[in-house]
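Asker: Here's a structure for you.
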Amino acid sequence: MNKKPDLGGRKIGQISAIKPGRLCGRANLTMSKQKSAKPALRGIWEDTCQNECSAPATAKPDNTCTDACCIPPAEATPIDSGCCIFGVCDSPTVTSAKATEQLDYRIGGMDCPSCAATIVRKVTQMSGVTACDVNFSAGTMQVALSQPEVRTVMERAVQKLGFTLDAVNKEEADTYLIEGMDCGACAVTIEKHLMKTPGVKAAEVSFATGRMSVRHQLTPEQIISELKKAGYQAQRLSDTTSVAEPGRFSGLRSVLISGAALVTGFVLSHMSVPHIIPVMLYALSIVAGGLKPFRSAWYALLSRSLDMNVLMTAAALGAAVIGQWIEGASVVFLFSLGTALQSRSIEKTRNSIRNLMALAPEQATIRRNGEWVRVPVAQVRPGEIMLVKPADRLALDGEVVTGESGVNQAPITGESIPVDKAPGDNVYAGSINHNGVLEVRVTRPASDSALARIIHMVEDAQSRKSPTESFVERFSAVYTPVVFVVALLVMVLPPLLGVGSWTTWFYRGLELLVVACPCALVISTPVAIVSAIGNAARHGILVKGGITLEKLGSIRALAFDKTGTLTEGKPRVTGWQVFSGDPDQLLNIALSIEAHSSHPLAAAVSTWTREQGAKSLEASAHQAIPGKGAVATFDDTVWLAGNEKLFTSISFSAEIRSALDELKNQGTSLVLLGTQQAVYGVFTIADAIRPTTLDALNALRADGMTHTLMLTGDNEGTARTIAAQAGVDAWRAELLPEDKVSVIEEWRHKGTRIAMVGDGINDAPALAAADIGIAMGGAGTDSAIETADVVLMSDRLEQLPHAFALSRLTASIIRQNIIFSLTVKVLALALIFPGWLTLWMAVLSDTGAALLVILNSLRLLRFRH
């Protein structure tokens, strides 16, 4: 039997077809496998096809079909004559004629599953097409061709049906963890080496994160092999792979051997022993400490890179050539010790993400076949029920089905205070359950949990280069080769001109080679950026890269959306005024009317009256009046609750009219309560500002924010009231989304850097128009993460001052690092020519400066506003 190429496991909404006369093998089940099969997937098949257990799809009088291979048989609905959609047991393996080419496409313009069926019918009718598979939900199509020349005709046919067609590139995009990098120049060496490898389309290496992103057409094994050739170890990462933490002190053994040989040789050189013995120990010190940098230097030269390893290797071997063995051994030992300390220090920044990855358990307790079983999270499907006991960490995102408990969501939102959870509430992987037992319906697979998305975004952000980092790298790319050439000239020109001896100037040239290494300068920015982004992530703030982090500190104006940003986004009763009647009885009547309505204002009244102790009365009739309110009858009296439009038959007294006008001017919504003869009371309802709004804005002003404004689509009365309560400097009301964009552009034209804070959904245009877009409540909102430059995973405005202060501190530390690195270089260069600098001092100035720069940057990990 000939099999068609595997088109992958099918999902809901997927439409497939095989040419008539071929076995489609709907489930491809053996009889032994049949017993445990459960209907799970869908597809479209010809009713004459049979699967391997020889059970045809049987048409029934009610136009449904059954698949006898499933136990129990699956039912489905027909699409067209001869085809039906039905449940498929397990992942189908479809059989067909051997295809010579398989193509993948993205399809645009499909409105419903019937569009997918239309494409399948059209394509499979064409000569040279052996199979077609369209997934409506994913908007993708896979086509198997036996005649490659049919491709153009097939694509045009789909386009003539009114759909867009984009071929999917088959290149792989992978991320690898790299071990063995000593500085930023190592990252450049790896990039150059891989870009010369056939099949590699793009490679980007981040020294600060120790990760490499590569687009290629090779196997992972080939990529890892190429990295080994360059002298580095690599491990492929995936969304669910947990990465083992490197050893506590990488390279410690070689450092100890090198140091021991150096010290022993130095001691013996001052004793009555043959000169060759100390020399041999110095040579051992050079070999033990230099094996790794010598190997890296070789591959760097092959890649035409002048990195730190090349310069240090040249200095060490050069010193040995002129008989300065102790200097060469000192260079290697200090260099290996310095790089080991640097590696250990920078691991602290990389661990900030590894610690996040470790928050979600690798297994979850899932209910299957009536029993609770431990299942790897990668095997848990959305819709399954997960059990979470007290003190357990949640393994997956989900919705509480039964139980109540407090949940610590600090890993996701930065809130350390437990949040009460009840049925219907969302919970997130990595959170800690406190005192109750919860049953949670899983809503996302492990690879798409909020925690996984945070980790992916932070890793991506840490890999992006800031403007300062890019500038430093460009500077270093010029600085190093220039100084290298100067060092060679220093070695050669003075002796040729008769100034000094060859040995003296050769030695000074070696010193210049060491000083040429810009390691401290290169890592001055990326380590600070990575540390800051890691700090922000731990506090529930996602910053999309170094560019955003640097720009954030320059923001001087903040524009806020009102609803859900400055306010809670939930209408609440703010007042209750009685004109006549028994207040308690009126609350009972109000509750009895509004409890039957789903309108937000009615829900606010219902909630508030219950809180006041009101009791529901039995009404003989109840009717909702769209756009006005609701009516109910109690003891033959008709009562009304709603806006003024519901009371048009009543003439308000001057006292009541004055009271209503005054309340409306305060920016509140009104719900009147009365009969067909009189109004007895009125509820005032408003979207109250968040309790932390005022404190957050005051903290922002104290930190240097000069302008705050509120942009809202509400009326002027509401806007004026909320603006006064929140303490913003200015406000604009009755704005459409495009009007908000215009306001943002006005401020930008004034030369003021402005950020927009919103919910990431309705404010998307304004978020995109601002210098920085900040979305709130991103833990449950995919669009917020996609739209904004900065995402506050909770809805707490008090996270904003931390973000701005962190940005300014990061900029300050980067400046300190750059100034310190350049100062050390200038001083070292100044000491070379008088002969005051030795090789070991030159090495110490380089590795020592790099280590101090790293330690200074690590302060950002501990920062708390």
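Every residue, even glycine, has its Cβ placed from backbone N, Cα and C.
Under the heading domain 'HMA', TrEMBL lists 101-166, 172-235. Marked as transmembrane segment by TrEMBL: 251-269, 276-294, 314-341, 471-492, 512-534, 818-837.
Describe the structural context of each listed feature in the structure shown, including burial, neighbouring residues and relevant distances.
Answerer: Using DSSP to sort the residues of the domain 'HMA' (172-235) gives these counts of helix, strand and coil: 22 helix, 24 strand, 18 coil.
Packing against the transmembrane segment (471-492) from elsewhere in the chain are residues 184-185, 188, 306, 311, 465, 505-506, 508-510, 512-513, 515-518, 521-522, 524-525, 818: each is 6 or more residues past its ends and has a CB under 8 Å from a CB in it.
Beyond its flanks by at least six residues, the transmembrane segment (818-837) meets 468, 472, 504, 508, 511-512, 515, 518, 520-521, 524-525, 845-846, 849, 852-853, 856 of its own chain at Cβ-Cβ distances under 8 Å.
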Asker: Per DSSP, what is the helix/strand/coil residue tally across the domain 'HMA' (101-166)?
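Answerer: So the domain 'HMA' (101-166) is made up of 25 helix, 24 strand, 17 coil.
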